[in-house]
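Going by TrEMBL, these are the annotated features:
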type	residues	note
COMPBIAS	12-27	compositional bias 'Basic and acidic residues'
DOMAIN	121-298	domain 'Amino acid permease/ SLC12A'
DOMAIN	410-692	domain 'Amino acid permease/ SLC12A'
DOMAIN	706-824	domain 'SLC12A transporter C-terminal'
DOMAIN	834-1084	domain 'SLC12A transporter C-terminal'
TRANSMEM	116-138	transmembrane segment
TRANSMEM	150-173	transmembrane segment
TRANSMEM	194-215	transmembrane segment
TRANSMEM	248-267	transmembrane segment
TRANSMEM	274-297	transmembrane segment
TRANSMEM	413-433	transmembrane segment
TRANSMEM	453-479	transmembrane segment
TRANSMEM	499-517	transmembrane segment
TRANSMEM	553-571	transmembrane segment
TRANSMEM	577-599	transmembrane segment
TRANSMEM	611-635	transmembrane segment
């Protein structure tokens, strides 16, 4: 329905020029560089968030309400202006002509694209599809496979390209397609990894197509135009093939060098000559149809000489007779001397030659001859098989091994159906020519589907009719004669043409030349487009070129790869190679269309409506089938190459966000998986630690403990969920920049430590709430963390703010309330990096209480990583007075056996329930310090001084008890083991017994006033620390049950003291608290 717009002018107040200048200055200052870190321009919408246009201002005060958002949300007038002025010209001849002609100071105005469907899409596709295979190999394919199987080959390949064209039309009409054609379509639909992989495959296919066209050019030149120009000439018949290949290599290399120079010097002339080359192709095809019509009433005379039922090469004789009568005398012919050892009648001749007659067949019997019935079926055979006509009489004789030395027409390669599919498929490639020129089209979204599909329909009709007409007009033995040796070296398809075979020879020669030049022109530009996208780092150099944009380096690489195909030298060997690469490209075009259609992406709105995901899947299946049908080993090689490129881009390439379909597919898969996970919690067999890593940053937002990320990597090995969380104190409006910087730094640290996961930075009014929010809300649905990993607050005693250790204890309480496991790494900066390889050593597990089996599971997971692989696992458990330690060890060994864990087991007995004087004293010191800090409202400085005084007094008292004269007064021993206390007592027992006993009794009233719960807890910490240090001081890692905080929050500081005593003297410690569920099972 037409829509009418009326533009009403609105008067605006005047503005001073100064204000306008100030606004322009502000706009200039706010312009940002639109390049990414790798120096590659970002892919921006040409309309929104584009700061290149200086005219993004607004005029007047009518829109003042929106002025602060004008940079990100332009006015509609500005938007429509950019939309109208947006052009998307491809890198074609137009650019190069402008660069060559633009010598004056004024730049030439860019012309708007004017090409229509016929000139812009239909003819280029026709030129690219029709080519060397049609002229040089189609007759041989028809003779070898028969008409029916040839129709099957043509139908299979044409169906594949038609389905691909439908998918390509849908993608090409879903928005503007810039230069780059198929590469652009695939990369923007399936992502940079697929795009880069398939783009490079398409580049290799185009490059090898150049090799094939050059080889076709040389084959026409040396076989049909000037055979005497051959440098290598075979003395023996069996050496003819090698001589031909060597000639192809030499002349092919020279031709490649010449074409590369032409492309380098004047690419615009190549594009201008394209129509001339296309005219040659069309004239040649018309000559073929004219020749077919002529055979109805006047077939051309091209006799084929047969010896028995065997076809003869007639290069070295003119008459198809053994003898002839001249002046009433019977004399031998040139043919006689080829099979006999002399020219006289009684010479010794080849037995088969002597036994069989020579007959002459009409090579082109004509459309009405009925030869079509003989050519209906296939005649495959091995290398060296003679080309024979089965309905001719033949008497076997002679030595078959000598046949290769006779002038028979033979198969130069082993033939079978799948080989012919691979050789024929390049003749249907070239369907991307229209989409590659999308920037030059007046209406690309209309022209590309119509022109491409019409071109494929036209060429399919040409191929199908050619198969039928060749089979109906040409004798079968001549069809199977690949090089026309039986008709004096004429091009077989040329024998059918009218008015002369030279029409086809010359036409096909120029056609192959033009196609080779087009390949050498297009392939470097495709490589340049990939290089400029920056997704493959090592290709960056090929994005540069001459001042006018010519891809010089890319042309050199293309010529080098093309030379590889020329050194192969055989057209039949090169054709399947490029078939693989083109099929890989077409496969992913179909996949891209199918994925976008099934995902129903909101942006998927093609103007071409005649597509369906089922057709795309059928096309994809056909591509895959043809790949393996034609050559399974080439197919595997092509897939391996594409896979390697994919993984390289994934791990090393620049990150690009193109809104591709694979991302949408990942989102759909993630949503489906999350919904499934939400149904029920994971079974114990599937449980693994899904980590929330609480990471701290310093004032510059740099990561404080990167080794925590290293440990995460070693524990996870890329499996499961990892969320790295950080909390900044403040409000999001004021801390947004710091939050983004912290997130970037954390992601950089994660990348450096190879930690695969997600980063989540939260800004909260206080750290306590921020950590609580992370614990509660990190993750999504069923994909939530079940374990929290954090570092031990090592400086909690020295901190002026008690909130640091209070936050730590509250975090422990919240993880317990949330039924999440907790891992606390002490001395985390001494943990090994990912590059370290720990030698023979142990991971010691101190299993004091059972809280789900996480202590057992963690060493097993760590030992999967190469850092910990050589470490052995030891499990210690503690036996009390009433426990049977022997039976405990047996039960633990059996339990580990059922868990399929290899570990040494040791039961440590802790029978001494007597509380030592040191324990009492340590508890007393702890309580006095705690009580002082709670009750005295002193300044921060005074509080530190008073605490130090109490600390010094207790230290001096402790030294008096043990009479430790050599101890310096400023040294503070936080813990005493039983061995230390006994040693000191025994050494000074006699001389100091009375003093010690008197002091102990003097302190007894203070001990009685202590909180007995604290005394017991301190006793546990001291005793357990004593045995752990004794057994595990040299271990690479100690895993220990983490005792829970007190229910009464008044004792939180005491809890920190208990943990300090427990961990004293140990290097790497991981405190573990279970999440309240079993995480390891003995069942399979």
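Residue numbers in this text run from 1 along the chain shown.
Each residue, glycine too, has its Cβ placed from N, Cα and C.
The helix, strand and coil residue counts that DSSP assigns across the domain 'SLC12A transporter C-terminal' (706-824) are 58 helix, 26 strand, 35 coil. Taken together, the residues in the domain 'Amino acid permease/ SLC12A' (121-298) have a mean pLDDT of 85 on the 0 to 100 scale.
Contact check: the transmembrane segment (577-599) against the transmembrane segment (453-479) gives fewer than three Cβ pairs closer than 8 Å, residues 6 or more apart, which falls short of the contact criterion.
Across 116-138, 150-173, 274-297, 499-517, 553-571, stretch 553-571 shows the highest tally of CB pairs under 8 A with the transmembrane segment (248-267). Long-range contacts of the transmembrane segment (553-571) within its own chain (CB-CB distance under 8 A, at least 6 residues past either end) are made by residues 132, 136-137, 204, 207-208, 210-212, 214-216, 219, 245-246, 248-249, 252-253, 256-257, 260, 263-264, 520, 523-525, 527-528, 531, 541-542, 544-545, 577. Same-chain residues lying 6 or more positions outside the transmembrane segment (499-517) and placing a CB less than 8 Å from one of its CB atoms are 127-128, 130-132, 135-136, 209-210, 213-214, 216-217, 220-221, 224-225, 255, 259, 262-263, 270, 273-274, 276-278, 280-281, 283-284, 287-288, 290, 490-491, 493.
Residues 121-122, 125-126, 129-130, 134, 138-140, 142-144, 146-147, 150-151, 154-155, 158, 161-162, 165-166, 169, 285, 288-289, 292, 295, 299, 302, 304, 306, 311, 361-367, 369, 371-372, 374-376, 379, 387-389, 409, 427-428, 431, 434, 486-487, 492-493, 495-496 of the same chain lie 6+ residues outside the transmembrane segment (453-479) yet bring a C-beta within less than 8 angstroms of a C-beta in it.
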